[in-house]
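Trainee: Here it is, the structure in full.
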Amino acid sequence: ANEFILLGLFTNEDVKATCTVIFSLCYLEILSGNLAILLTIRGSHLGEQPMYFFLSYLSLLDVCFTSTVAPKLITDLLVQWNTISFSGCMCQMFHAHFFGATEIFILVAMAYDCYVAICRPLHYVVIMSRRACYILVMASVIGAFIHSLMQVLIIIQLPFCGPNQIDHYFCDVFPLLKLSCTDTRLLKIIIVTTTGVLSILTFVALVISYVIILSTLRTHSSEGRRKALSTCGLHITVVLMFFLPLIFTYVRMADSVSNDKVSALFYTMITPLFNPLIYTLRNADMKNDMRKEWGPQRLSEGN
């Protein structure tokens, strides 16, 4: 197959028209919200703190991750026949997995930062040095690149000689495996064990780390406890919103693609939409710096 047809999310024309407007507004909100966080952190003293250093990368990844899927999803809702070339499909799949996996590793780095801040406060500055932060980001990028390359190498060698309709709104591994005219059961097991088990292990490790963090808070002062609970609460919310749909998608052998589309919509559109709200509405430092950076006074100075 030189090209594939993406069947998308809906067939009803009225639903398509409504969703075009909704998804366009969501995408604009994701871009503006995450870029506002990114520019606020980079333009203020917050970027010197490891938590915000990682948060700026998380916002950048949210923009990149959604941008690999949303523009195509929105334009495909407007046209009747949604084709994508084989190379375009591989490219989209690679980038979706690359940005998604990098985001997973950055969330792990943020949990580690939270753990060191609360459980080893006296050594925090030494352990979470700027060099250590850059190493964690580089390790995240390299790990995600290897993971994404594996997904593409699995699909690229398969023969596609039958139907070319992908029952999804973007190119992903499981919908493509269904189209291959060869036995892919072993490959499905490999993908479930790599992507699925990686997601579960990471999720479990994150939950355990937060349990350890929260259990050590009993020795802290009430003010320190309140601040740490607030920070951990934000992280746990984001982790749950990102990982649960991801695990639902990759840890199962049933061919229920319609459920996949809904859960994929969660981690490609809904989580990146809520991340800026979660990190700004519950975070006093972030709100103060955003007011300074984007408030009427600063904007009038710029003019």
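Cβ atoms are placed via backbone N, Cα and C, with glycine included.
According to TrEMBL:
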TRANSMEM  20-41  transmembrane segment
DOMAIN    33-279  domain 'G-protein coupled receptors family 1 profile'
TRANSMEM  94-112  transmembrane segment
TRANSMEM  133-156  transmembrane segment
TRANSMEM  189-217  transmembrane segment
TRANSMEM  229-250  transmembrane segment
TRANSMEM  262-281  transmembrane segment
Trainee: How about the transmembrane segment (262-281) with the transmembrane segment (20-41) - do they touch, taking at least 3 C-beta pairs under 8 Å (6 or more apart in sequence) as contact?
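Mentor: Contact between the transmembrane segment (262-281) and the transmembrane segment (20-41): present.
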Trainee: In the same chain, who gets a Cβ under 8 Å from the transmembrane segment (189-217) while lying at least 6 residues past its ends?
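Mentor: For the transmembrane segment (189-217), the list is 104, 107-108, 111-112, 114-115, 118-119, 147, 150-151, 154, 173-174, 177, 224-225, 228-229, 232, 235-236, 239, 243, 246-247, 250-253.
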Trainee: Short question: which residues 6 or more past the ends of the transmembrane segment (94-112) have a Cβ under 8 Å from it?
Mentor: 51, 54-55, 57-58, 61-62, 64-65, 68-69, 133, 136-137, 139-141, 143-145, 147-149, 151-152, 170-172, 198-199, 202, 205-206, 209-210, 235, 238-239, 242-243, 246, 267-268
Trainee: If I take every residue in the domain 'G-protein coupled receptors family 1 profile' (33-279) and average their pLDDT values, what number comes out?
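Mentor: Mean pLDDT for the domain 'G-protein coupled receptors family 1 profile' (33-279): 85.
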